[in-house]
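Trainee: TrEMBL lists these features:
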- 16-35: transmembrane segment (TRANSMEM)
- 93-115: transmembrane segment (TRANSMEM)
- 121-144: transmembrane segment (TRANSMEM)
- 151-174: transmembrane segment (TRANSMEM)
- 180-197: transmembrane segment (TRANSMEM)
- 218-237: transmembrane segment (TRANSMEM)
- 243-263: transmembrane segment (TRANSMEM)
Amino acid sequence: MLAGVSLLSVYNSITFQRGMVAVTFIVVLFILLLARNKTPESIRWLQGKGYTERANVEIAKFYGIQEYARREKVVSDAVAVSTKRRTSVALRLFVTITTAFAGTAGFGLMTYVLGPNYFKSLTAAIILVATGTGFISGFLGIWADLISRKTLLLLGYGGTFIMTLIIYLTISVWSKDLTLFWILLVLLNIFVNIAYLTEDTLKSEVWPTSTRGTYTALVRFISIGLYIATIYLSQNYGLHEYMLFNMVIWIIGLAGAVAWYFAGVETGKGATLESASGE
């Protein structure tokens, strides 16, 4: 869809092209909102929405009534003995929206802006290294559930902000030293990927099953909508202004991570979904 819009608007002004992309995003997000709200995601979702008969059919098909009842008892016993904390909807919305927005709007600073500006002939290689770093660091997700989710979120957003600050303060150095540029590019993208993987997991696991699709879609809708706004806000920024703007974006994400670290619940370390969502 985006490719088609780009092709149809290729001969128009940049402002018109950006407007067309923004409209496309809004249409896609609206479709996603409907899909997330109406598509059954699990047996618990069916039960939470009141589709008891349909849920029982799925239980009998995949588990058997007795086996499913046994599993449910094990889970409920685990939740009963856990130190479960309740978090407000306002806190969860603040954390998930701020972190999702920062991850969407801030991730491409060095890969798509600074790198091509200072090392134009290496643009393809820069994108390859950045995406390759994201792919390899994604394997950290194998052990993510064994680690504190709150700590990983803080590490991802705190590390990304610190790396962005270092990149800004040392621009006169790495812009003349290709080796240092590659090191900073890899380190930045490792932290960005940790932030993204943790945020993407958190924003769906903190909601009760019956409303998970709705709230997850709402968070994505708002965060990407805010990202579209930043495209217009930053379109006339110079390089240094854009870097400062990017740091502000990561500060917003870091604020959400700090809030969750001190006031949120632990959803990692093997915590059950019931404990994470407060069900």
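Glycine is treated like the rest: Cβ placed from N, Cα and C.
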Trainee: Count the CB pairs under 8 A between the transmembrane segment (151-174) and each of 93-115, 121-144, 218-237, then give me the winner.
Mentor: 93-115
Trainee: If we skip the immediate neighbours and take only residues 6+ beyond the ends of the transmembrane segment (218-237), which ones have a Cβ under 8 Å from one of its Cβ atoms?
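Mentor: The answer is 14-15, 18, 22, 25-26, 29-30, 32-33, 93, 96-97, 100-101, 103-105, 203, 245, 249.
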Trainee: In the same chain, which residue numbers or ranges, 6 or more beyond the ends of the transmembrane segment (121-144), come under 8 angstroms Cβ to Cβ?
Mentor: 110-112, 115, 152, 182, 185-186, 189-190, 192-194, 197-198, 201, 268
